[in-house]
Amino acid sequence: MAFAISTQSHFAIRPLQLNQFKNSSPRAFLGSCFKPRPDSSYLRSKELTLLVPKLGLVPRHRQKFQLGVGTGGELADSGEVADSVASDAPESFSWSSVILPFIFPALGGLLFGYDIGATSGATLSLQSATLSGTTWFNLSPVQLGLVVSGSLYGALLGSTLVYGIADFLGRRRELIIAAGLYLLGSLITGCAPDLNILLLGRLLYGLGIGLAMHGAPLYIAETCPSQIRGTLISLKELFIVLGILLGFSVGSFEIDVVGGWRYMYGFGTPVALLMGLGMWSLPPSPRWLLLRAVQGKGALQEYKDKAMVALSKLRGRPPGDKLSEKLVDDALLSVKTAYEDEEKSGGNFLEVFQGPNLKALTIGGGLVLFQQITGQPSVLYYAGSILQTAGFSAAADATRVSVIIGVFKLLMTWVAVAKVDDLGRRPLLIGGVSGIAISLFLLSAYYKFLGGFPLVAVGALLLYVGCYQISFGPISWLMVSEIFPLRTRGRGISLAVLTNFGSNAIVTFAFSPLKEYLGAENLFLLFGAIALVSLLFVVLVVPETKGLSLEEIESKILK
């Protein structure tokens, strides 16, 4: 004798003689296993996965049957429960409906990358006596350093300011403000009559970077379907690389024009305007609306209705459709549960450093820290000389070399975009960081005793760039956007952005004295050792989040 046991209390347990069902159909067998209680109101369909090969009722693999309870208490066919939706089924969507909610936030990343690329050419133009078109072209090293890193200081300030106001502003408003700062910064920098105004414009543009690099991954992660979240966040990294390449290209075209640096910096104006108008046309993040409802910032039903309208618009469905309503109900329940659990643990301003939030901060902050301190700026600094030693004539022109590297970065980032939701985050990180470590040790060996083999250096350079673009480049920001619990997501990502720009500044400022003190060979050896530590961190600490919703990441990984 065996017992057929239902996990739902709405069904009674019935003793069964297995041999009497030897020649029965699957539905007859299931109907005998589950006898609904007379008083049960459990009328929703359930998907039961059965594995009963010994009875000869089904093939020797898992088969799924859509079952429901009819109004008379009997088991109903799947056709009788048409509103059935499997809880683990991926959300249906059309690619056309997710393009704009991705592109407009991603323009914030493109403008960040554009600043990196344009500045390399703008500083050459600005310091030229014949091409700057100014009387203050003779900049001191400190003044030049302020021009180059002015946007970095602004980004540090922006990511600090947004820590306490991210959840108040919301993702959409934050990106609209970022677009406004980009626009203002581009205009002021391009029209600057003197150095002080130029530096003010650089600072404002940097503030836009700080807000955009915080708000863009948040908005994309919270509004896109979970099954393509990795692809879209990685595509944002592709937009950053595309921006760098665009900046290099504009610089190469304008480098021989008098006052060309004004055009290089001013080119960001129309893109910033497009970003601002685009974000204005998009709805707020449904998850942010539900968070505000749970936080008691307004009427629950009002925010719930707004979330349903926002989700319907994001998915290209009619307002108030049943699927959006169900998804919002499920998300609201998850947000409530998570918020109440964290309330019990004592919510405060520093809660991001406690419990599951600290675990998320360790993962996200650790990735963006290692992203910078494995020496990416230093490796690219040597790119020109490495290519020159291999006899590439194009390396004599810094702008052309930059374009070549930018194209390669773009291609390798596309590889990450194509594979991140198939292979997962961890395989790309482990493989990519391993390649970074090998390339750094090869560069150290080249400067130490392999100077007669320039192709080794070229191969190591391309290996580093390629491995970085399939690992730390896109995956770090992807993990940052999805790993933090909803309650502290805004503050957590602002700390991660602050860590990224802060470590970037430290590496930038420490590079010259370290190169002078250690020499190139030992500097790359140091970066290689740090890369090994980062590989250990990835293997032991970083989880796999492929295919999980943001709520599942919070419940299954962080708790």
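Using N, Cα and C of the backbone, Cβ positions are placed for all residues, glycine too.
Keep in mind that TrEMBL annotations are predicted by a computer and have not been checked by a curator.
Taken verbatim from TrEMBL:
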TRANSMEM  98-122  transmembrane segment
DOMAIN    101-546  domain 'Major facilitator superfamily (MFS) profile'
TRANSMEM  142-163  transmembrane segment
TRANSMEM  175-197  transmembrane segment
TRANSMEM  203-221  transmembrane segment
TRANSMEM  233-251  transmembrane segment
TRANSMEM  263-282  transmembrane segment
TRANSMEM  402-420  transmembrane segment
TRANSMEM  427-447  transmembrane segment
TRANSMEM  453-480  transmembrane segment
TRANSMEM  492-511  transmembrane segment
TRANSMEM  523-542  transmembrane segment
Cβ-based contact of the transmembrane segment (402-420) with the transmembrane segment (523-542), 3 or more pairs under 8 Å: no
Chain residues in Cβ proximity to the transmembrane segment (523-542) (below 8 Å; excluding those fewer than six residues from its ends, i.e. six or more beyond): 362-363, 366-367, 370, 373-375, 378-379, 425-426, 429-430, 433-434, 436-437, 440-441, 443-444, 447, 479, 514-515
Cβ-Cβ under 8 Å with the transmembrane segment (142-163): same-chain residues at least 6 beyond its ends: 115, 119, 123, 126-127, 169, 174, 181, 185, 195, 198-199, 202-211, 213-215, 490-491, 494-495, 497-498, 501-502, 504-505, 508
Across the domain 'Major facilitator superfamily (MFS) profile' (101-546), average pLDDT on the 0 to 100 scale: 84
CB contact flag for the transmembrane segment (453-480) and the transmembrane segment (263-282), at least three pairs under 8 A: no
